[in-house]
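Data first, discussion second: the structure below is written as structure tokens.
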Amino acid sequence: MKIQWYPGHMAKAKRQVTEKLKMIDVVMEIVDARIPMSSRNPMIEEVTENKPRLMLLNKADLADPQLTREWEAYFEQENVKPLTIDAQHGKGMKQIPAEVQKLAAPLYEKWERKGINPRPLRSLIVGIPNVGKSTVINKLAGKKIAIIGDKPGVTKKQQWIKMGSTLELLDTPGILWPKFEDEAVGYRLALTGAVKEEIFDFQDAVLFFLTFMASEYPQLLKSRYNLDSIPEDKVELFDDIGRKRGCLISGGHVDYDRTAEIIFRDFRQGLFGPVTLEKPVT
């Protein structure tokens, strides 16, 4: 599955990010803790590579805590400071300004050497659509600044946001990959809501998810749908879940679209329990 979704405002955002980078002290990149690698955009890394970076693993309440710890260790090895947060419930949010200041310590030292009065730090906040960027901004600001939505592509323009007297944020639209060569990356982004539902096949994405769950979290899968066992054939598993949930059409056949919607909703709402869809490559 090659998903291609790259609206014009995203191409413009990439150009603007590149232009504004000389004004930026620290980059904050937000990823989805359930898919920390798939929700990173290589273009973001490319344009911000020389800046100190804080990696915010958001939606940690929905992710497998053991794998979140493994991802934290992975990013530490990559010389990127990780911080696990749950922006919706405010967990970890109070640590962000202090972590930004730590990353900017060399800049403060430079100002002191040159006798320059410190100005507010300028941080670029980036992330692909639907990783919770607007929620992070609103929690940091202590008021509603950014529009919150569960549809990708809500933020359409860049804006500077003051965070008290010591920090200013430059918000950007969610910058998504122009296309996904790796089918698994596309499915993970579809499952977590990073791409619009019109551009991917629900049923294919759900079959990918069911195959993954049967392998990595079989007990959570059985518990959620009251399954005695998990069939080898994942289409048969899809069928079993549809029947368990009463998703039938005329002739007693399973309504796969409706079943897929239920499975999607269950995952996005965390109803399976904490699940992470990928592991760090070591």
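Placed from the backbone N, Cα and C atoms, the Cβ positions cover glycine too.
Automated prediction, rather than curation, is the source of TrEMBL annotations.
Listed in TrEMBL:
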DOMAIN    14-178  domain 'CP-type G'
BINDING   Asn58, Lys59, Ala60, Asp61, Asn130, Val131, Gly132, Lys133, Ser134, Thr135, Gly174  GTP binding site
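Feature map: annotations from TrEMBL on the structure.
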residue : record           : CB count, 10 Å
Asn58   : GTP binding site : 29
Ala60   : GTP binding site : 24
Asn130  : GTP binding site : 25
Gly132  : GTP binding site : 22
Ser134  : GTP binding site : 22
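According to DSSP, Asn130 (GTP binding site) is assigned to coil rather than to any helix or strand.
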